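Below is one structure, written out as structure tokens; the observations come after it.
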Amino acid sequence: MGHMVDDLKMVDYYVGKGANGLELDVTFNSNGVAEYTFHGVPCDCFRSCTRYENINTYLDYVRQLTTPGDPKFQEKLIFLIMDLKLKNSPSSYAQFNAGINIADKLSQYYWKDDGKARAYFLISVPYVSQTAFIRGFQHRFEEKGLEKYYEKIGWDFSANEDLNSIRAAYQKLNITGHIWQSDGITNCLTRGDTRLKEAISKRDTPGWHINKVYTWSLDKVNSIKYALNLGVDGVMSNYAETLVTILSEDPFKQKFRLATYEDNPWETFKP
């Protein structure tokens, strides 16, 4: 998965490098209205932090790339991670509105052809204290009759919080599936593997409802290989081609491959 893919030029770049998933950073105003795909300073080392695009334009563009039959269709692109930047929407009211707004934007700009665009979306909320966003999203889906698109939506809490706290948050939301768990840190720093190993263990433990575990943002060959050997389901990187190359080599090509549209992102992989 390509990391911090926040303008159309970078979308084309990462798709061209073989990424089957892209992460986009979504910024909101104080009222919870999504405005741009934008990360800002600080960001990963050796990257530009200030690339951006209007969120409506971005969603319409990736709609074209993920719609079979469209002249711009890219078959390998199947997964989009929306990394929500909710710091400008600190109140529960604004976060609830942000959930409503993202549901609206997906229906207006991505699914506007009655769902012909086929990518899956992982909605990545930073903190368990921000579950008002999820409630707003769910409210709008049900209010507008968008429930059929739930099969395209998954959830993640991305701030490396305690896994038991995350589990409790999902229980309060009555979410028991379509759950990915992330673990990671900027490529400028190193991070231990204790929580990542714990997440993988919980994924394989009945009752935890974690379907996939991914790590970010890994750029070095040895770091990516180590994560794969631990058993992660996904790797987010600034260098998508590095992972593509690793997966073409022994011994990894015997165990792993890039996911395709035929793979269900909400099912736990059983080797």
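Even glycines carry a Cβ here, placed using N, Cα and C.
Model, not experiment: these values are computed from the prediction.
Quick look at what Swiss-Prot lists:
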ACT_SITE  His3  active site
ACT_SITE  His39  active site, nucleophile
BINDING   Glu23, Asp25, Asp83  Mg(2+) binding site
DISULFID  Cys43-Cys49  disulfide bond
DISULFID  Cys45-Cys188  disulfide bond
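Using Cα positions, the member of the recorded positions Glu23, His39, Cys188 nearest to Cys49 (disulfide bond) is identified as His39. Within 10 Å (C-alpha to C-alpha) of Asp83 (Mg(2+) binding site) lie the following recorded positions from His39, Cys43, Cys45: His39. With all protein chains in the displayed structure included, the most crowded Cβ environment within 10 Å among the binding-site residues Glu23, Asp25, Asp83 is that of Glu23. Counting only same-chain residues at least 6 apart in sequence, those with a Cβ under 8 Å from the Cβ of Cys43 (disulfide bond) are Met4, Cys49, Thr186. Between the alpha carbons (Cα) of His39 (active site, nucleophile) and Asp25 (Mg(2+) binding site) lies a span of roughly 6 Å. Within the set of recorded positions His3, Cys45, Cys188, the entry lying nearest in space to Glu23 (Mg(2+) binding site) is His3 (CA atoms). For Cys188 (disulfide bond) paired with His3 (active site), the C-alpha to C-alpha distance reads 14 Å. Taking the active-site residues His3, His39 in turn and counting surrounding C-beta atoms within 10 angstroms, the largest count is reached at His3. Separating the Cα atoms of the residue listed as 'active site' and Cys45 (disulfide bond) is a whole-number distance of 12 Å. Looking at Asp25 (Mg(2+) binding site) and Cys45 (disulfide bond), their Cα atoms lie 16 Å from each other. There are 12 other Cβ atoms within 10 Å of the Cβ belonging to Cys188 (disulfide bond). Taking Cβ-Cβ distances under 8 Å and a sequence gap of 6 or more within the same chain, the neighbours of Cys45 (disulfide bond) are Thr186, Asn187, Cys188.
The Mg(2+) site is defined by Glu23, Asp25, Asp83, and by the 8 Å test on Cβ atoms against their centroid, the other residues of the chain that qualify are His3, Met4, Val5, Asp6, Leu24, Val26, Thr37, His39, Ile81, Met82, Lys85, Ser124. Around the Cβ of Cys49 (disulfide bond), a 10 Å sphere holds 15 further Cβ atoms from the protein chains shown.
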